[in-house]
Amino acid sequence: MSFLKPKTHIEQGDIVILYLSVNSMHAIEAVPTIVNKKGETIQHIFQTNYGSLKVESIIGVEYGSRVELSKGWANVLQSSPELWTQTLPHRTQIIYTPDISMILHQLEVRPGAVVIESGTGSGSLSHYILRALKPTGHLHTFDFHEARADQARDEFKRHGLAAYVSVYHRDVCNLGFSTELDGAANAVFLDLPAPDLAVPHAFKALKLSGGRFCSFSPCIEQSQRCIQELTKLGFNEICSMEVLQQESVIKTRSLPVIDLEFLKLPKTNESSSPEETKTPKELKKYLTSSNPQTLPGHTGFLTFATLPPNIPKA
């Protein structure tokens, strides 16, 4: 239940982030026993690079605390969509925070919104959407792969989010989002190999008062076909963008300072030579910023569009 609301102490059943370092984090379920591959119930002991952790020992511990491992220590953190994205079990390629932040902003996801998502995949984006629309909104998420849909449904239940999400096993490109969702959504998000096939179904699902649309595509050709279909159906404000996160390189540089007082002296003054006067007398430190030598690689193209109100859907 650790995703439902902020908490101070770890309760049994919480999904806890075991933080070892920036590049080493693990999501563990705070339960004293687990069932192994042989079907036997055994004590829950989690192994890390710094030794083992008896998971039972962290139940009741305050979030943020340091816990002892057999060969070191770690911190226990409350789960959040950001931390879950870095530690979740990958069932598919996932979308990461830089793209997700733009998606949530452009789709105007807020408490009370009804959002349709396809496909669910590993549930990375789903957790961000659920945090944004709680406590009065609802997420309808679809995946054509039955096992993935079942796993996602189970995860949402264990995370305490089941009341805010409905998970469907359905091929939305061919079957749509079902007639029950026609005219129900404020926003639709697609992460599909052929998003253009699902655009007419998204058109039907958006409210008569209008709504926002987004498609994530790794290839520009997918985005182009999607835009063509959006244009046919009367969407406007259509745009595609690529989010590239660039970190500035901050360095302190020491630069010599030249004494230019000799320029103020009369030309007849030969008390000192120009060479002697131009000699640097001190170094000054400056904080500088520059672009990194390499840029992050391509993730995907985000195609956004707006459906105006009162567009006929017959």
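Residue numbers in this text run from 1 along the chain shown.
Including glycine, each Cβ sits where the backbone N, Cα and C put it.
The S-adenosyl-L-methionine binding site feature in TrEMBL is assigned to SER122, GLY123, SER124, LEU125, ASP143, ASP191.
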Tertiary neighbours of GLY123 (S-adenosyl-L-methionine binding site) (same chain, Cβ under 8 Å, six or more apart): LEU88, ALA152, GLU155, PHE156
Candidate with the highest Cβ count within 10 Å, taken from the binding-site residues ASP143, ASP191: ASP143
Cβ-centroid neighbourhood (8 Å) of the S-adenosyl-L-methionine site, SER122, GLY123, SER124, LEU125, ASP143, ASP191 excluded: THR92, ILE94, ILE95, GLU117, GLY119, THR120, GLY121, SER126, THR141, ALA152
Protein Cβ atoms within 10 Å of LEU125 (S-adenosyl-L-methionine binding site), excluding its own: 25
Number of Cβ atoms other than its own within 10 Å, given for SER124 (S-adenosyl-L-methionine binding site): 22
